[in-house]
Every structure is written in structure tokens, then in C-alpha cells.
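Listed features, source Swiss-Prot:
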| type | residues | note |
| --- | --- | --- |
| ACT_SITE | Glu196 | active site, proton donor |
| ACT_SITE | Glu299 | active site, nucleophile |
| BINDING | Tyr92, Asn136, Ala137, Glu138, Asn195, Tyr261, Tyr365 | substrate binding site |
| DISULFID | Cys267-Cys316 | disulfide bond |
| CARBOHYD | Asn202 | N-linked glycosylation site |
| CARBOHYD | Asn406 | N-linked glycosylation site |
| CARBOHYD | Asn423 | N-linked glycosylation site |
| CARBOHYD | Asn455 | N-linked glycosylation site |
| CARBOHYD | Asn588 | N-linked glycosylation site |
| CARBOHYD | Asn622 | N-linked glycosylation site |
| CARBOHYD | Asn704 | N-linked glycosylation site |
| CARBOHYD | Asn745 | N-linked glycosylation site |
| CARBOHYD | Asn759 | N-linked glycosylation site |
| CARBOHYD | Asn772 | N-linked glycosylation site |
| CARBOHYD | Asn778 | N-linked glycosylation site |
| CARBOHYD | Asn913 | N-linked glycosylation site |
| SIGNAL | 1-19 | signal peptide |
Amino acid sequence: MKFLLRRFIALAAASSVVAAPSVSHLSLQDAANRRELLQDLVTWDQHSLFVRGERLMIFSGEFHPFRLPVPGLWFDVFQKITSLGFNAVSFYTDWGLMEGNPGHVVTDGIWSLDEFFTAASEAGIYLIARPGPYINAETSAGGIPGWVLRLKGIIRSNSEDYLRATDTYMATLGKIIAKAQITNGGPVILVQPENEYTTWPNVSESEFPTTMNKEVMAYAEKQLRDAGVVVPTVVNDNKNLGYFAPGTGLGETDLYGIDAYPMRYDCGNPYVWPTYRFPRDWQHTHRNHSPTTPFAIMEFQGGSGDGWGGVTEDGCAILVNNEAVRVVYKNNYGFGVGVFNIYMTYGGTNWGNLGYHGGYTSYDYGAAITEDRQIWREKYSEEKLQANFLKVSPAYLTATPGNGVNGSYTGNKDIAVTPLFGNGTTTNFYLVRHADFTSTGSVQYQLSVSTSVGNVTIPQLGGSLSLNGRDSKFHVTDYDVGEFNLIYSSAEIFTWAKGDNKKRVLVLYGGAGELHEFALPKHLPRPTVVDGSDVKMAKKGSAWVVQWEVTAQRRVLRAGKLEIHLLWRNDAYQHWVLELPAKQPIANYSSPSKETVLVKGGYLLRSACITNNKLHLTGDVNATTPLEVISAPKRFDGIVFNGQSLKSTRSKIGNLAATVRYQPPAISLPDLKRLDWKYLDSLPEISPDYSDEGWMSLTNTYTNNTRKFTGPTCLYADDYGYHGGSLIYRGHFKANGDESWVFLNTSGGVGFANSVWLNQTFLGSWTGSGNNMTYPRNISLPHELSPGKPYVFTVVIDHMGQDEEAPGTDAIKFPRGILDYALSGHEVSDLKWKMTGNLGGEQYQDSTRGPLNEGAMYAERRGYHLPNPPTSSWKSSSPINDGLTGAGIGFYATSFSLDLPEGYDIPLSFLFNNSASDARSGTSYRCQLFVNGYQFGKYVNDLGPQTNFPVPEGILNYNGVNYVAVSLWALEPQGALVGGLELVASTPILSAYRKPVPAPQPGWKPRRGAY
């Protein structure tokens, strides 16, 4: 067990990589020397963490509160993660969203973490805080605010301007995190400074980290410590090279962790598993890098992101599906991982332009919990089986990982077996998989192992074990089932539980058609079958041996006080392990000392308590569902589900049982095509009398950007405070009659588009691709211009978000906007440029919805995307029925009321389609979807792939009025028509989830200075 002890750091003198002044070595050493016995609630040894003195496997899921901007729904997600058997959540905070205006960190409304911490505590979830300042996370600029991109210093270096820029945010978030630490009764147990800080340009792996890099990490750590953070720090080294591990000096963290994505990201070919990142020796690398801390994987692939022109997140869910979870996650357990975080477990939404340019609105990520908070993906259930097994297997946490060798223990070279040997216990674990982990074939084998009754070859009663397709299995020997010894089991363990009167219930499972076998000591009574049939049983030496073939039929055996359930894997999916509340300070947090109930209960069970001799359950059902209490620590005489008493019966084996009746509710949703839509021209800039007097003049003759501009002034959007959504440029000149073409090189990120006009004449569009971040092109002018007459180019650019970056590359600074331009017959200085983005730029108008929610379009600048704008004077026109007859931008708005039944969780989404016969529905066009002011969809008709845009309750008012607006940007001369737009519901779920308080929805009011 290790406490946060004093660190004595030898600081070697070395030159800085960057020229700007660096932070003082002395101040960083002083900070390290003050880290003596900061707390004793979270400690560790080489095997695992201890929380309040109890050894815990930390099984964590990644969930970002900023991607679900309805605080009232955070508890729902936490409960679904708790029900997986997880006990922790890792979360990022996004500096770019919280300090979009320099010096003003927004921490109220949807940006407040108070409810996040409260909900985590109530759900029994410990938190791993990851405030950055750089987070990556497929966010625009990796979470770095746009104004920071203007700095001269290299981002993530020890440059004085960069470090000082982080101070206000890190001090603010540090104090918020400190207040929520376990030492203050909160849920935060670990904190991670920076993120994947493992490379630097022109620095080799052996030379990294340099003194400069160490200073950057140490500075972030000091910021957190100065703010009062005392819980252990942890690093996520995506190189697995020991960077910043304990004992490495300046910048070292308390715990060493890695992150890895071995399945990679090809969602278009999800059945092709890559092999070059599959880990085989992590137990050795960890022992070399950090032998005194538990093996921690701070990020491991739980899905994948998809990009513009991709295949949708469903392909990503297939890439990292239940089979991958069985094979690749179990491979990690073979290395003895003690802290395991799955990225993502709930992804959410890149609403309000918060994502980077490589992703679209959905951040579903193919995660175990879908974007609309559903848990129907099979990998949710597979993760539940694994997490619950590890939770009741304390011997795993102290076991010593062995080496996986093909043919060992089986004599079959097509099988790889990785042993974990009991360390202070008699329990051994054997992880079995195909030698070629990508294999989809079937192979038969026998397992020869040593047990307390001697060496045995399993199965003993004839036949063979099998691996069918992509699979991996945990076999155990001498496994402790609460004072009963399970001599061996080829079937996997879901869980075991303590019942009343010293009863123990063990749940084993396997795949359909598999043959399995387990053995019990012969001093127990001969096992008897009390439910099911077709079980073979014999005494072998000093053991009872039981064999069966897995079918959908449940089999239950009893041997004295031990009850064993033999299940088909898909039946095990329907079982839930719920920890009963305990006294403070444990309360709802997971603890090996707590009592549990085991219930078969369908779609979701959330919580349990025993009150007044009744078992009170909360949960969700999507069909009429039988409940059966498989195990409980005491007897009771009734079941209450979501507050309703159920008629109880007894099952065949005497368990208390009941049925939850499901009745689909009546749901009435508006037909968006039939609504009264109001229309506004949102590109008045191309009208002959438009004045851009209030626009930003682009007169900067310098830039700190590493890409130097070529004209007389810089045209980069970030240099003028515009960082997302969309951009509009206006280039003024006087004609001389020699104009025949204009050259424009524009940048908007992958998937971007642009449209260009000369006065009122449409010159064409770049409609975008899934590859181009920039696009240079010559555009022919359609007619001879009149000498001496003023003209103006209007250029609309879609801003898809900034890039992410590897440390030191400054890739996130790559400019958006116009990079280069030329006009035939003119010097470039003849054009005078103005531009706009969102109204106010960094002094953005809507602090409620954040700095990136709005773009440059006229309706957005005026705030008409917000509820209750002055639409009475707008003409009636529908994006679905009418659309646009030429290139341009239209803005459409409507309102409707919803009155959905309470007691049901009813996921809603807006679905775009091309069902219209009008040819304009097949043109290149782009839409933004605003729901009560929140931008919850960017739809690209000709590129895709996203057509379905979930919007959560709390953004949509399920019992009230909703304001919906759609911007329609037609990129082709024939115009555009939204071929179809529907509000659709998924299967309603009878649910115990709490109806959320709506997110703040301030409405329209006149904006000072709007143009």
C-alpha cells in the first residue's frame, strides 16, 4: 500500500525547447516537496487501488458531461453504468467550451459540475477527473479555446504565454474538483493532468520527455495541487514507454497508466480486425515501467469515431462489438489490469459545433450505451458479465500474470492460454483464446491443469471444450465461492452471491451448444438437479464432476448450501447484480463488504433496497417482464417495482417471483411537414443594398500562426476571434475590366464546403469531401466587369471544427477561412476584406449554450435560432414542402407542443431523408438543426453519413412548447429541398429514470450591434 509520500526530485539543468521564458524550476520543486501525506483514503500497492482501506478493481466507463447538456439526465447514465457492475467513471472537461471568452470561465447552468458530482455519488460512482487543459477527445482543438490558438508560443510547451493562458481555467476547475474529492465526501478519487503527452517533434522516444516536457506536466500538476487537489495523479501514456511514471523525476505522477486502441478505427470494414496493435506483453512492460503501482489502462477502446462520408456509428459498434469485448478485454485481464477505463461507455452528442473536424454531430462512438441512452447493444451485456465476475473475484486482483503460450495447457497450437496464478490464494485463472485472435473458426480442446485434488484434464466426463468464432473464456481452478471451493469450471462465472442462512448462489454460463464441466469437493452432498434436465454427473476421485451442454434451458443444481445456476449466455444477460445501500461513508459506492441481491429482470435493473420486509427495485422494461429473485441476503415477502407492489409468486425452485406488465403508451408526435413554417432569407449579404459596415475589417498585417499568409493582410478566422460554426467573407474591389477569374484557397476542415458570389451572381460551390481540409480552386467570372464599378465577393465557408494534435505540432492552429486568393488583372492588395463569424466572436452572446453554438449566418447573428423570435412578419414557407429555388441560405422556423406520458423514457430524434420526388432533394445542401436554441444537428445531404439526430428530453420539452429552426444552405444553382424531416420515437421504455428539469432555454431578445 502506497501513500502520497514526499518526492525528492533532482532537477538537471537543461535548455528549453522553446524560446519563451519557462516556468521556474524552483517553484515546481517546491510544489513536489509539499506533497507529503496529502490523504490516506485512496492508496495502492502493486496490484490495485485501496479505497477507504478496501482493495478494489476500478472498472470505469468514460462519459463526458458536456456531450449531454441536460444535467438531469446524468444520473440516468450513471445508473446504467453502475448496473454494468462498474464502479467508476472517467470524465473530461472542455476548456474551450468553458473559457471561450478569455478570463471568463463559465461554471453555471449546463457547465456546472455540481449535479454531475451529486449524481455520481448517489449512483455509487467514483470519478476520475481529467481537466486537461488539453483533452483531445475528438473535440475542436482538443478542448483548447480558440483565443489560445493566436498565441506565439507552442501549445502544450513551457512557453510563458501558453502556461499563463491555462491558469484561470485550471485554477477554477482545480477548485471545483478539489471540493468534490473523496476527502471532502465527494466522488473524485483520481485526477489526470494533461492527456497523452508522449511525443514531441524531433525528439526521439528515448529522449522524451525533455526537461521542457517535464516542466509542462509538472506545471499542470502544480496548478491542481495549488487549487487543493490531493487525490493521486495519473498519466495516460499512449506509447506505453513509462513516461511520467513514479520515480521518473520532474512531472512524474503518482500512478502510471497507459491507453490503447488496438481495434483502430476502420468502421467501414468492421469485421476485419487489425493485428498490429494487439498487445501480448503488457504485464512485462508495466513491471518494467512502474512495478510499485497497479497496472492501469486509463483509456481502452470501447468503440470508435466515424467521419464525414463514413458509414455511421453503427459500423463502429460492430467493429468493437460483444465479440471484441470478449476477446480483447479478456486479453487485458491476462495482464492483471487493476484500473480499467473503457473509452467511451456513453458517447453523447457533438452538439453546438463542439466536435473536431474529423467527426460529425453524433458521438455515439458505437459505445455500450447508445447516444440516446439505450442499452440494447449486446456488448453492454457482455461488459456486465465481465465486470460482475471481476467484482466477486478478489483473487484476481492479487494474481500473478503468466505468459500466454500457444499450445500450453491444451496441447493445441491453435489455442493460446494465459494463466494468472494465485498469489496468496489457491485460485488460478486461465484465459483461453484462439492463437490467431482474429479467427472466426471453431476449435476443440481439453484443458490440463493442476487443482487441489490433483492434475486433471477437463472435461473428465468425455467430449471436448470448444471455442466457436471470435471468443475467449475464463476458466478457473480452486475458486472461492464464499467458503465453498469450486475445484474447477470450464463455464464462465457471471457472479456469486451470499444468500440467507449461509446459502451461496453461483451463476455459470456458456455459449449455445458448448459443452461445459465443473467440479465440487466430494465432502459436499451429491449435487441434485432442481430445475432443468440433461445433466451428467459422476464422482471422480475426491470430486463431484458435473457436465452439460448449454441450451436456452436453465439448469439449477444444489449441493447442500450451494446453489448453482447453469445458463445460456443470452439468459445470463437478463440477470442483474445490485448492491444494497450501506451506511456512510460507503453509502451507494461499490464495496466488497456490501450485501447484494441477484435478480433476473429483463432490460434494466437500476437499484435495490429491502424495506418493511419487501424488496424494492427500480428499473426499466420494454416488454412484459418476469422477475425472479435468484439470491438475497435475507427473506422478504414481496416485490415493489418502481414504487408499485407486484403480485408475488414462487418459482419452481422456491424463489420469489413476479411480473412487470408493460403497456405501450399512446404517443402523439407532430408531422413536421404539416406544420406552419416561417421563412427568412439568411444570406442578405448578396442583395445589392446590403451594407457590411459593422463587419470586422481584416487589417492585421501579422499573425503568430505557423502558416504565414501571402496577401497584404491576414484573413485567418482565429486571428479575428471566430472559431466555429460558419464563416462569411466579403472582398471589395473596383473593377478594371481585366477580371476573368478569381482564385480562392479556403479552409474549413474535413467535410467543409464553400459557396461564392460576385455581387448577386452565384459563381459556384465546393460541396465538400471526406478527405479535404482545404480546397484551392480557380473560378471563372461569367461576364466582363464594368471598369470603375465597385464589386464584392461573398464567400460562405462551413467551419467543421479545428483539428486535434500530437504535442508540439501546433496542428490545432491550422487556420480556418481564406488561406490565399488572387484576382486576375489585380494586385492582391486591391481587394479589401471583411468577415464575420458568430456575433461578437469571443465575446459571444449566449453564455448559456456556449461559445461554439452559433455561426456566421444572418439568422444566427440575429439570434433567431433562439425560442420566440419575431417571426410574425416572416413569410410562410417550409424547408420540406418549398425549399429554395436557387443557391443561397434560407432559415425556417416552427413551433409545436409535446405532451408525452410520464413514467416512460421515450427517445426522440429528427430524421432527415430524401423521400421527396422533387429533384432538389437530391442536390448538395447542408442543414443545421436548432432545438430550443441548441444546435443539435449538422446534416450534409450529399456526404453524410448521419441522417438521424437524437435530441434528449430536456433539450426537447416533452410536456411543453418547442421551437425548432432549420438553416438550409443550397450549394447548387437549382436550389435545395429537404426531402423529408420527421420527429420519430424509439420504443418507449417503462422507466424509473427521473424526468429531467429542462436545460436552460433563454429565448430571443434584440441583440445590440447585430448586423
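Cβ atoms here come from the backbone N, Cα and C positions, even for glycine.
Projection of Swiss-Prot feature records onto the structure.
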residue: Asn136; record: substrate binding site; Cβ neighbours (10 Å): 19
residue: Glu138; record: substrate binding site; Cβ neighbours (10 Å): 23
residue: Glu196; record: active site, proton donor; Cβ neighbours (10 Å): 22
residue: Tyr261; record: substrate binding site; Cβ neighbours (10 Å): 17
residue: Cys267; record: disulfide bond; Cβ neighbours (10 Å): 25
residue: Tyr365; record: substrate binding site; Cβ neighbours (10 Å): 29
residue: Asn423; record: N-linked glycosylation site; Cβ neighbours (10 Å): 14
residue: Asn455; record: N-linked glycosylation site; Cβ neighbours (10 Å): 8
residue: Asn704; record: N-linked glycosylation site; Cβ neighbours (10 Å): 15
residue: Asn913; record: N-linked glycosylation site; Cβ neighbours (10 Å): 13
Taking the Cβ of Asn778 (N-linked glycosylation site) as the reference point, list residues of the same chain whose Cβ is under 8 angstroms away and which are at least six residues distant in sequence. Trp741, Val742, Phe743
Can you tell me whether DSSP puts Tyr92 (substrate binding site) in helix, strand or coil? strand
Mind giving me a neighbour count for Tyr92 (substrate binding site)? Other Cβ atoms within 10 Å of its Cβ, every protein chain shown. 23
Of all the recorded positions given, namely Tyr92, Asn136, Tyr261, Glu299, Tyr365, which is spatially nearest to Asn202 (N-linked glycosylation site) at the Cα level? Asn136
Taking every protein chain in this structure into account, which of the recorded positions Asn195, Asn406, Asn622 has the most other Cβ atoms within 10 Å of its Cβ? Asn195
Tyr261 (substrate binding site) as reference: those recorded positions from Glu196, Cys267, Glu299, Asn622, Asn704 with C-alpha within 10 Å of it: Glu299
Would you mind ranking the recorded positions Ala137, Glu299, Cys316, Asn759, Asn772 by how many other Cβ atoms sit within 10 Å of each Cβ and giving me the lowest? Asn759
Compare the Cα of the residue listed as 'active site, proton donor' against each of the recorded positions Glu138, Asn704, Asn745 and report the nearest. Glu138
Close in space, distant in sequence - Asn745 (N-linked glycosylation site), Cβ under 8 Å, 6 or more apart: Thr774, Tyr775, Pro776, Arg777, Ile818, Leu819, Asp820, Tyr821
Of the recorded positions Cys267, Glu299, Cys316, which one has its Cα closest to the Cα of Asn136 (substrate binding site)? Glu299
By Cα geometry, the one of the recorded positions (Tyr92, Glu138, Asn759, Asn772) nearest Asn455 (N-linked glycosylation site) is Tyr92
In which DSSP state, out of helix, strand and coil, do we find the residue listed as 'active site, nucleophile'? strand
Where Cys316 (disulfide bond) and Ala137 (substrate binding site) are concerned, what is their Cα separation in Å, rounded? 16
With every protein chain in view, how many other Cβ atoms are within 10 Å of the Cβ of Asn202 (N-linked glycosylation site)? 7
For Asn588 (N-linked glycosylation site), just count the other CB atoms lying within 10 A of its CB, please. 18
Could you measure the widest C-alpha to C-alpha distance across Tyr92, Asn136, Ala137, Glu138, Asn195, Tyr261, Tyr365, the residues recorded as binding substrate, and give it to a whole number of angstrom? 19
I need the nearest neighbour of Glu138 (substrate binding site) among the glycosylation sites Asn423, Asn588, Asn704, Asn913, using C-alpha distances. Asn704
Relative to the Cα of Ala137 (substrate binding site), which of the recorded positions Glu299, Asn406, Asn423, Asn588, Asn759 has the closest Cα? Glu299
